[in-house]
Amino acid sequence: MNIDLLNDMQKEAVINTEGPLLILAGAGSGKTRVLTHRIAYLIEEKEVFPSNILAITFTNKAAKEMRIRVEKLIGEASNGMWMGTFHSICVKILRRYASLIGYERDFVIYDPTDQKTLARECLKELNIDEKKTTFRYVLGKISEAKNDMLTPKEYEKLYSGDFYLDKVVKVYELYQRKLINNNAMDFDDLILNAIKVLKENEKILSDYQRKFKYVLVDEYQDTNKAQYVLVRYLSMGYVNLCVVGDNDQSIYGWRGADIRNIRDFEKDFPGAKIIKLEQNYRSSVNILNAANNVIKNNINRKSKKLWTDNDLGEKIHYYKAQSEMDEAYFVVRNLIADKKRNKRNNLDYAVLYRTNAQSRVLEDAFRREGVSYKLVGGTKFYDRREIKDFISYMRIIQNPVDELSIKRAINIPKRGIGPKTIEKIKGFAYENNLSLYQALVYAAKKDLFSKKINKGIKEFVTIIEKYKNDALERKVSFLMEDVLNDIGYIEELKLDNTLESRSRIENLREMISAAKEFERTSETGLLAEFLEEFSLRSDIDNVEEDDDSVLLMTLHSAKGLEFPIVFMVGLEEGIFPSSRSLNEDESVEEERRLMYVGITRAEEKLFITHSSIRSMYGKTSCNLVSRFIEEIPSELLDVPKDEVASRKTRKTSFTSQMKADLAYKEKSKSKIEDVTVIKTGTKVFHKIFGEGTVVSLKGNKGEENVTIVFKTKGIKKLKLSIAPLEIIQ
Ligand SMILES: Nc1ncnc2c1ncn2[C@@H]1O[C@H](COP(=O)(O)OP(=O)(O)OP(=O)(O)O)[C@@H](O)[C@H]1O
Ligand SMILES: [Mg+2]
C-alpha cells in the first residue's frame, strides 16, 4: 500500500487508527477509499490480524467492491476479516450463538414472501379482516417497531388505545411467537437477535469486543437505531471505531435511518475526532458545481466546502424531451454516439431514475436499439409479478386452453380458489375429457363446489367470457384497461396501501401505456399480435444480456457508486421530487439529497432530462420542470447539439429558410397528398431517415411540425408539408 496516493487529510484519517473517528465529507471525497486504505494500513503497517477487523457496508454490492479494493491493495492478506452488510455480519454471529436465545443453530431466514404468508396466517387466526388491516400494513408497522427496537410489549405500551395499532400489537405478538416456533427469523430479527445475544451474554460480548479491535462503518448517515446499537456493542472494547458518512446523502429517512447517529457521534463516543475531507476526486468542476448549487437549497444542513482539481469538463447536458419515449431515445442515441466516439464500454454508463416504473420505456428503447442493459436491484419490467399476473389474464382471453396462465390468474385477486381446489377441478376435467377452462365453465354453471368457490369460479369465468370476442376486434389498450378494471386486482392492492402495493398499481397502469405504444407501430393493434411481440421480447432479453451492460437503476441503489457518464431522467415535479414528498418540506429535502447523490455519481459527463408530456401508469400528464433543474445555474447547462442545430436553423432568416424549404420540397416532393391522415402512431417512411413512427404533431394547419422516432436515425422534428414522407400501410 502506498500512502502517498492519499491527500493530507485522507492520510490523517488513515493513520489515526486509535479511538473513535468520524469522517464527515461530501460525495466523491474519498471516504470509501479512506476506509479501504485504513484497513490495508492496519494490516500492513500496524500488523493487525485481519480477524481483528470488522468492516460494515450498506449493500452486498458495496461489500464486494470493498473486498476487491482491499485485495488490490494488499492481496490475500485480507482473508479472515469480517466484511459485509449488517445482515450478513449478524447471521455470522447467530449461526454460532442462536441457541442461547431459544433458536436452533440451523434457524431459517424468512424472506418477504415467507413473511407475508406468516402475517396472513396470523391475521386469519386473530379474526382480523384482511381487507381492513392488510398484511402489508401490519408487516410495515412490525418492521418499524423492530428498527426502533421495540418488543411487542413495549410497542403496546406506547400505542395502546389506537384502534389499528392495537391490532398491530396482537399480530406482532403472534407473528413473533410463530417465527420462534418455526425456528425462523425475518431480516429485522437478524439484527435484533444478534444484539440480544450480545446483551444477554457478557462473555460472548466481551469476546467479540476483544476480537474486533478495529471497527469501520461506511454510509453511517443511513443507519437506524438497531444498527447503531449493534455497532456500539461490537466496538466498545477498544472503541477504535471509524465511521464515514455525509449528511447530505442521507436518503433512507423513510426506512427509519436516523441522522442523529451522525450528529450525536461526538456525544456518544467521547473523545471522538472529526476529520473533514474537502477535495472531490470524482467529478468535473461543472458537475460538482451543479451538485453544490442544488444541495445548498436545503435549509436544514450544515454547509460544507467541496472543491476539485479536476478539469472543468463539459457542461451538464440538458434535454427537454417531448415524451418519455423521446427521452428514452435521447438517452440511447447519445449513449451510442458517445460510445463510438470515445471507444467506451457499456459499463461506463448508468441511467438513474426516481422510481422503478420509469424503467419500462428505457428498457424498450435499449432493447430496440440492441444495447445490452441490466437492471440493478430491480426486476425487469416484464418479469414483475403483477405484470405476469395481468398478462396471464390476457393470455387466457386469447387462448383459454392455457392452463398455466389459468392457474396463475384464477386466484388473483383472492377468490378462495387455492391449489387444492384447482387440483380437484383438474381431476374433474380429466375424468370428463375437458380442458381446465371448460371444466371451470361447467363448474360455474352447475355449482359443483362450495358456495364460496363457486362464486369465485363464476367471477373468473365471467370475465374471460366477456372479453373473449372483444379481443378479436378492439384495440388492445382499451381491452386491457377494461380487463384491469374488471378483475379487481387494483382494488385489492389499493387496500394494502403500502409502498410496495402502490408501486404494483403503478406498474399495472404502466402496462396500459405499453399497450398504447405498441398500437402505434403494430399492424393490427390487437391482443394476438401484442402477445406475440411480448413473448418474443422476453426471448431476446435472455440472449442479449452479457457482462458489458449499461446499468439502469434507481437513485437509491446508485449510492456509493460512480460512472464516467450518467444519465438522470424524469426530472419533473411530481416525479422527482416525487408527488408524495411535495407536501412536506422535510421530504423535499430528502429528495434533494437524492438529487445530490445522483449528480455526484458522474465523473465526466452528466445528462439530465425531463419530458413535457409523460405517459406513466396509463395516464398522460404534463409535469412542470423539476425545481432541481432550476436550482442548477443556467450557465452550467448545455442544450445538446442536435437541439442547437435545429435552433440555429430556426434562427436563419425566414426567406432563406423558405427558399431552402421550397427547393427541398421540389426535389423530394412529399408523397403524402392529404396530411390530415398523419396522426400520432402513423408509421412512415422517410427518404433519408428510413422507417419511423410519428410521436407528435404540432402547429397550425398547413404548418405542422411532426416528430418522428426513426428506427435507426433517432428522433427528428420535421416540417410535415415538405418532409419526403410516405405512409407505410
Ligand atoms: N487522493 C486521491 N487520489 C486519487 N483519487 C482519489 C483520491 N481519493 C479518492 N479518489 C478517487 O475518487 C473517487 C471517489 O472516492 P470514494 O468513492 O472513496 O468517495 P466517497 O467519499 O466514498 O464517495 P460517496 O460519498 O459517493 O460514497 C474514487 O474513484 C477514488 O478512487
Ligand atoms: Mg463511498
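Just so it is clear, glycine is given a Cβ too, placed from its N, Cα and C backbone atoms.
Straight from TrEMBL, the features:
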{"type": "BINDING", "residues": "A25, G26, A27, G28, S29, G30, K31, T32", "note": "ATP binding site"}
{"type": "DOMAIN", "residues": "4-284", "note": "domain 'UvrD-like helicase ATP-binding'"}
{"type": "DOMAIN", "residues": "285-560", "note": "domain 'UvrD-like helicase C-terminal'"}
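Taking the features listed in TrEMBL, we show where each one sits on the structure.
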residue	record	CB count, 10 Å
A25	ATP binding site	26
G26	ATP binding site	25
A27	ATP binding site	23
G28	ATP binding site	26
S29	ATP binding site	28
G30	ATP binding site	22
K31	ATP binding site	25
T32	ATP binding site	19
For the ATP site given as A25, G26, A27, G28, S29, G30, K31, T32, which other residues of the same chain have their Cβ within 8 Å of the site's Cβ centre? R33, D246, L277, N280, R282
Can you tell me which of these binding-site residues sit near ligand 2, meaning the Cβ is under 6 Å from at least one of its atoms: A25, G26, A27, G28, K31, T32? K31, T32
For A25 (ATP binding site), the three-state class that DSSP assigns: strand
Give the mean pLDDT for the domain 'UvrD-like helicase C-terminal' (285-560) on the 0 to 100 scale. 88
Which of the three DSSP states, helix, strand or coil, fits G30 (ATP binding site)? coil
